[in-house]
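S.K.: I am attaching a structure below and will ask some questions about it afterwards.
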Amino acid sequence: MIQPLLVVTCLVVFPYQVSSIILESGNVNDYEVVYPQKVTSLPKGAVQQPEQKYEDTMQYEFKVNGEPVVLHLEKNKGLFSEDYSETHYSPDGREITTNPPVEDHCYYHGHIQNEADSTASISACNGLKGHFKLQGETYLIEPLKIPESEAHAVYKYENIEKEDEAPKMCGVTETNWESDEPIRKASQLVATSEQRRNIQKYIELVIVVDNVMFRKYTGNSTAIRTRIYEIVNTLNVVFRNVHIFVALVGIEIWNKKDQIKVKSAESVTLDLFGDWREKDLLRRKRHDNAQLLTGIDLNEQTLGIAPMSGMCKPKSSVGLIQDYCKSYLLVAIVMAHELGHNLGMDHDDGNCICREMPCIMSPEAGSKPAFYFSDCSWNQYQKFRNDIKSKCIDNKPLKTDIVSPAFCGNYFVEEGEECDCGFPGNCRNPCCNATTCKLTPGSECGDGECCDQCRIQTAGTECRPAWDECDVPEYCTGQSAECPTDVLQRNGQPCKNNNGYCYNGVCPILTNQCISLFGSSVTVAPDRCFNNNLQGTENFHCGMENGRYIKCKPQDKKCGRLFCVEPPTGGGINCKSIRSEGDPDHGMVDLGTKCADGKVCNSNRQCVDVNTAY
């Protein structure tokens, strides 16, 4: 093992306690002044790349509560996608999109040396700013604004004065997840080598900033970008525990005016934002999920809202987050919570536990920040990711898609690496040498769906079963540890005895959608129930345009709200439908559903010829 050579230029850090100060995170009652000293940490023979402004790895030493600590930092590789873009608007309303260079950024993850379960999320752009975990406590660090000084403030999260003691909560109130799997203990949330196959997921995220937030930061786009980068850097600390990486693919700032009506009524704004994403943003920017950061106060102490299991759906893969406090950390935790809803996670109840309470999916913001998902959330997420509709987060970035220089220990296999299982103290993969990111002697592979006990599986071994008759199975080639690219039956191919047509790997039919919503006793309602969709109201419609609900045309009525009926028991029929405040697509007919012979519902909720729909 290569031992790093540590050279400390100055070990005297002069900490002292101060009673109260106003910092970027707010009014802090008790903090410590420290002077972090950079420690040179280069393996013997290593050479620092001169063209880099920000090193791939750094170490700083300072004191906390009188005890020296060493903060290890490694650059967050993959924080930005290769096609990262920023969009704002000209005075006449034109979109202006740029692709700024982000290769040599200043955002890091890390840990405290010799501290179990320690994590850190730090920006090193102008001094050290961020948070770290030490002995079970969350500390924040930020530079003090003293000219010609390296002084920083270090303080516990609990010492930040709360601006408003009223309970803050999530706006998702209607959830109906039911478990058909045993709840796993928190200690079981570490994946085994078998479970790691096909478990890593990737969310390509766009964050949109509304006009009120733009004005809240006095039009300072640099400050807004910095806040967003800090939020996404923290998201990756949180989601690493459930094997998800969040890559920022774009920022859009509504600097001139909002592109939708942003209202305090969170469910209305969420619905409008989802509609805008589907009809505007998705058509010009590839991404998996979009979150709207707003500067307005949402109703009823709500901090955020997102559709349950909305990830990958054109209209529902969205969230609405209030930029409610000065601390980026707390806003990041709210966004993590709403992304959890997008990934199928319900609110935790009293039976749910996590490594450190409170858990991310608690329905109310607690007195301390949450960093871990519960056992309940893990099970719900497993159920969601086993649904073919979640496949947009499966695509693994190519090695060349990671724009920063390669770094061994960041869990990404990059150019020049054969494997990457994290730092030596965290690596649990017997196939991979964590120090060199090379395979161990005798190993053929380190990970992948076609890697079993460090050996590439033989050709013909099934690595991805067919989910549906509209999917096809994939088999190992015998040459690679990765399962071949997922292949689906063509859209429009007849399925389920000609009762439906294939759409993105599934066979959506009205009968199954009714059973999913109301149980096995229901059937599809007669046509007269679907006539309600001709109204164009909040409950019965064929979508939304410019903030108004669209009346379904008679030929399109089976592409709007879904109607089902119970078995007749005498008397008239009862047209059953369902609507969710938090999920605009919940209870609507699925896209690709057969609406007439030879016709399917398209993304505009029109019943069109199946041969021209795709």
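Quick reminder: no glycine exception, Cβ is built from N, Cα and C everywhere.
From Swiss-Prot, for reference:
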SIGNAL    1-20  signal peptide
MOD_RES   GLU194  pyrrolidone carboxylic acid (Glu)
DOMAIN    201-397  domain 'Peptidase M12B'
CARBOHYD  ASN220  N-linked glycosylation site
DISULFID  CYS312-CYS392  disulfide bond
BINDING   HIS337, HIS341, HIS347  Zn(2+) binding site
ACT_SITE  GLU338  active site, proton acceptor
DISULFID  CYS352-CYS376  disulfide bond
DISULFID  CYS354-CYS359  disulfide bond
DOMAIN    405-491  domain 'Disintegrin'
DISULFID  CYS419-CYS432  disulfide bond
DISULFID  CYS421-CYS427  disulfide bond
CARBOHYD  ASN433  N-linked glycosylation site
DISULFID  CYS445-CYS451  disulfide bond
DISULFID  CYS450-CYS476  disulfide bond
DISULFID  CYS463-CYS483  disulfide bond
BINDING   ASP471, ASP486  Ca(2+) 2 binding site
DISULFID  CYS495-CYS507  disulfide bond
DISULFID  CYS514-CYS564  disulfide bond
DISULFID  CYS529-CYS575  disulfide bond
DISULFID  CYS542-CYS552  disulfide bond
S.K.: By a simple count of other Cβ atoms within 10 Å, which of CYS392, CYS421, CYS445, the disulfide-bonded residues in the record, is least packed?
M.R.: CYS392
S.K.: Suppose you look only at the domain 'Peptidase M12B' (201-397); what would the mean pLDDT be?
M.R.: 90
S.K.: Within 8 Å of the Cβ centre of HIS337, HIS341, HIS347, which other residues of the chain have their Cβ, at the recorded Zn(2+) site?
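M.R.: What remains near the Cβ centre is CYS170, VAL172, ALA306, GLU338, GLY340, MET345, ASP346, ILE360, MET361, PRO363.
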S.K.: Return one of helix, strand or coil for CYS450 (disulfide bond), based on DSSP.
M.R.: coil
S.K.: Can you check what DSSP calls CYS507 (disulfide bond), collapsed to helix, strand or coil?
M.R.: coil
S.K.: Which of the three DSSP states, helix, strand or coil, fits CYS529 (disulfide bond)?
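M.R.: Where CYS529 (disulfide bond) sits, the three-state DSSP reduction gives helix.
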S.K.: Least buried of the binding-site residues HIS337, HIS341, HIS347, going by other Cβ atoms within 10 Å?
M.R.: HIS347
S.K.: Would you mind ranking the disulfide-bonded residues CYS312, CYS376, CYS427, CYS514 by how many other Cβ atoms sit within 10 Å of each Cβ and giving me the lowest?
M.R.: CYS427
S.K.: Are there any residues at least 6 positions away along the chain from CYS476 (disulfide bond) with a Cβ closer than 8 Å to its Cβ? List them or say none.
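M.R.: In sequence order, GLU449, CYS450, ILE456, GLN457, THR458, ALA459, GLY460, THR461, GLU462, CYS463, CYS483 meet the Cβ cut-off.
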S.K.: What Cα-Cα separation, expressed in whole Å, is found between CYS392 (disulfide bond) and ASP486 (Ca(2+) 2 binding site)?
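M.R.: CYS392 (disulfide bond) and ASP486 (Ca(2+) 2 binding site) have their Cα atoms 11 Å apart.
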S.K.: What are the non-local neighbours of CYS419 (disulfide bond), defined as same-chain residues 6+ apart in sequence with CB under 8 A from its CB?
M.R.: VAL413, ASN429, CYS431, CYS432, ASN433, CYS437, LYS438, LEU439, CYS445, GLY446, ASP447
S.K.: Helix, strand or coil: which one is ASN220 (N-linked glycosylation site) in, per DSSP?
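M.R.: DSSP call for ASN220 (N-linked glycosylation site): coil, neither helix nor strand.
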S.K.: Determine, using Cα-Cα distances only, which of these disulfide-bonded residues is closest to HIS347 (Zn(2+) binding site): CYS354, CYS421, CYS507, CYS529, CYS575.
M.R.: CYS354
